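What TrEMBL annotates here:
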type	residues	note
TRANSMEM	A:33-52	transmembrane segment
TRANSMEM	A:79-100	transmembrane segment
TRANSMEM	A:112-132	transmembrane segment
DOMAIN	A:132-423	domain 'NADH:quinone oxidoreductase/Mrp antiporter transmembrane'
TRANSMEM	A:138-155	transmembrane segment
TRANSMEM	A:167-189	transmembrane segment
TRANSMEM	A:209-234	transmembrane segment
TRANSMEM	A:241-262	transmembrane segment
TRANSMEM	A:302-320	transmembrane segment
TRANSMEM	A:326-350	transmembrane segment
TRANSMEM	A:371-389	transmembrane segment
TRANSMEM	A:409-432	transmembrane segment
TRANSMEM	A:453-475	transmembrane segment
Amino acid sequence: MSDLSWLVPLPVVLPLTGAGLALALWRHARAQRVITLVALSLSLVASCLLLVQADAGPLTVDVGGWSAPVGISLVADRLSALMLAISSAVTLCVLVYSLAQGVADGDIETPVAIYHPSYLVLAAGIAIAFLAGDLFNLYVGFEVLLAASYVLITLTGTAERIRSGTIYIVVALLSSVIFLFAIGLAYSATGTVNMAQLALRLPEINPGVALALQLLLLLAFGIKAAIFPLSAWLPDSYPTAPAPVTAVFAGLLTKVGVYAIIRTQTLLFPGGRADDLLMWAALATMVVGVLGAVAQNDIKRLLSFTLVSHIGFMIFGIALSSEAGMAAAIFYVVHHITVQTTLFLVAGLLERRGGTTSLDQLGGLAKIAPFLAVLFFVPAMNLAGIPPFSGFLGKVGLLQAGAAVGTPLAYTLIAGGVVTSLLTLYALIKAWNKAFWQSAPAPVPARHLPRGMVGSAAALAVLGVSLTVVAGPLYSYTERAAHDLHGRTVYIEAVLPAGGRGSGISDDVATTDAGEVTP
Amino acid sequence: MSHDMTPNLVLVVVIGVLVAVGVYLLLERSLSRVLIGIILIGNGVNLSFLVAGGAAGGAPIVGTTPIDEMSDPLPQAMVLTAIVITLGMTAFLLALAYRSWQLHRHDEVQDDVEDHRIARLAALDEPSFADVDTLDTTTDLEREAAEARDETQAIPVGPAGRRAGPA
């Protein structure tokens, strides 16, 4: 399928080009909006085509014609393509929401000029991270998306955003430095940063060094994915940003960390030496996160804590080191991206309608905004894992995979997962009850909700529900993806075909042997 | 490897010192010290790429140096990228520290207010949220019972002078 490999860089190139254009046209708000919309729509189309194509086999591009172990390779296998497609769909929906919000707030002529370029750079960074075929470009992808996220989280520079943004930025910088250090060590130990070649060379080096690398990478990605005890920064940082920004962060940024964990753990470190550690981390993430959610009385903070908590489910699936566990984890990632984003968008609507996100002050909204009540209720139930929603299917898959592994620790995690689901249900029902059902402590001012905001939130909610409808094909897709990840050869063969070299033109320089350069 | 891969001890010690001092500064409250800490750790990590490339050799340009004596160019390319990224992030953090100073006249990293609030409520053993519909503590059970309509009043009294229903 290499004839279609020109599709691979598009999800990166389109938003980046758009970002440049939007930055150049910073005085023209209308043009910025059109550019952003077009760039993200096109990259959604490209991602969907990739999703179809990657099912036949991974597509690779050696950037600039430099063959793989030397040059930069971009790889779209089943996992990458699936993540790309779902993230493009989510970024587009959130964009429409933020456009409608901007229009409703009357800032058509005077928007924050940096919003659209940053948003596009964020989308490009996410795409680079998903497509990167080597550790260093994974790092670059992370930095690109983080740089954009720093701008977005401190947008307009109010005191509250600066306060929470500071913590977010310092923590993110620290995790990037740890990641960079791990890359340096990996290069010292193996002479390569190409992930396919690393997969071949890591078994040959000292297992102690390999374990150190694995743990360093887990530490770096664990901070980004907000795994307990590295998650304390998240519930403090996210809620202060504007609703669309929080929504896209909650949906995607932590999942990029989860994706990086899946990629490195399966490809570079098979055999599951860190599985017990990951399982304990997953258990603690699930339980501590959801206990945090129960204690909150601000709906955005409550949702941030459920976000942390549900990362634990994905880590559980990864830690099982089985195909079934991985398939369920990938399915859960897809489900969670849509649902968590929807919930944050609805929280934004709620804030707009009720004037606050504090559950102490909200109330009685079911009567005056019944559609909003439904719009919150459906993804909330989806997140809690009520049948027949996709959250239920993902959780059942995870629990079954856990039972199939059958160790006492796995059963402990199953119990932890069930308790977490119940507590999630409790926290969300409490929130729904207080915001929509019980009487309001003070009368709610009548405010109009823009149709575009409600529409895009509803579209995402429908996308979340439709994951249930297409759960069969989607689940078999994630099973195939998990099979590829588990087998490893598909990925390695795609990047380094027979002869151990990519398809570039630099044949006279690249060699197959350990970092050696032949004359 | 074609040439000596033993790490350079001086570089390793410098990396250790930079990272150690950086971590110490990172634990400070003041954002400008945190910033210096990040810069030091970043430089330490960037130096680690030089170690990763092995011993220094000639310029890695085909035709000027025999291939066996070249430095490894790849870590240098990577460290250059990393330096640019660190520079950008440093600039942003500096702007952030300045903004924080503008707003508060200090650049200390502040605590999470909400965490404080919940911790205080937990110390007082109070619920973290209030339920409006059941908040009215004056309606205790007895008063509520007194206000409620008593259905048994409506039941007719039987011929034996006793209530027909259970007492």
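Note that Cβ sites are derived from N, Cα and C of the backbone, with glycine treated the same way.
In TrEMBL, annotation is done automatically, which means it is predicted and not curated.
The stretches the transmembrane segment (A:302-320) and the transmembrane segment (A:138-155) are not in mutual contact, being linked by fewer than three Cβ pairs under 8 Å (pairs 6 or more apart in sequence). Two recorded stretches are said to be in contact when at least 3 C-beta pairs lie under 8 angstroms, sequence spacing 6 or more; the transmembrane segment (A:453-475) and the transmembrane segment (A:241-262) fall short of this definition. Most Cβ pairs under 8 A with the transmembrane segment (A:326-350) among the ranges A:33-52, A:79-100, A:409-432 are made by A:79-100. Sequence-remote contacts of a segment are chain residues at least 6 beyond its ends whose Cβ falls under 8 Å from one of its Cβ atoms, and for the transmembrane segment (A:112-132) they are 8-9, 11-12, 15-16, 18-20, 22-23, 26-27, 29, 32-33, 35-36, 39-40, 43, 74-76, 80, 83-84, 87-88, 91, 95, 98, 138, 140-149, 151-152, 155-156, 248, 252-253, 256, 259-260. Within the chain, the transmembrane segment (A:241-262) has long-range Cβ neighbours (under 8 A, six or more residues past its boundaries) at 79, 83, 87, 90-91, 94-95, 97-98, 101, 119, 122, 126, 129-130, 138, 141-142, 145, 149, 152-153, 155, 161, 217-218, 221-226, 234, 300, 303-304, 307, 311, 314-315, 318, 326, 329-330, 333, 336-338, 340-342, 344-345, 347-349, 351, 485. For the transmembrane segment (A:79-100), the list of distant contacts is 11, 33, 36-37, 40-41, 43-44, 47-48, 50-51, 53-55, 115, 119, 122-123, 126-127, 130-131, 242-245, 247-248, 251-252, 255, 259, 262-263, 330, 333-334, 337-338, 341, 345, 348, 450-453, 455-457, 459-460, 463, 477-478, 481, 484-485: same-chain residues at least six beyond its ends, Cβ to Cβ under 8 Å.
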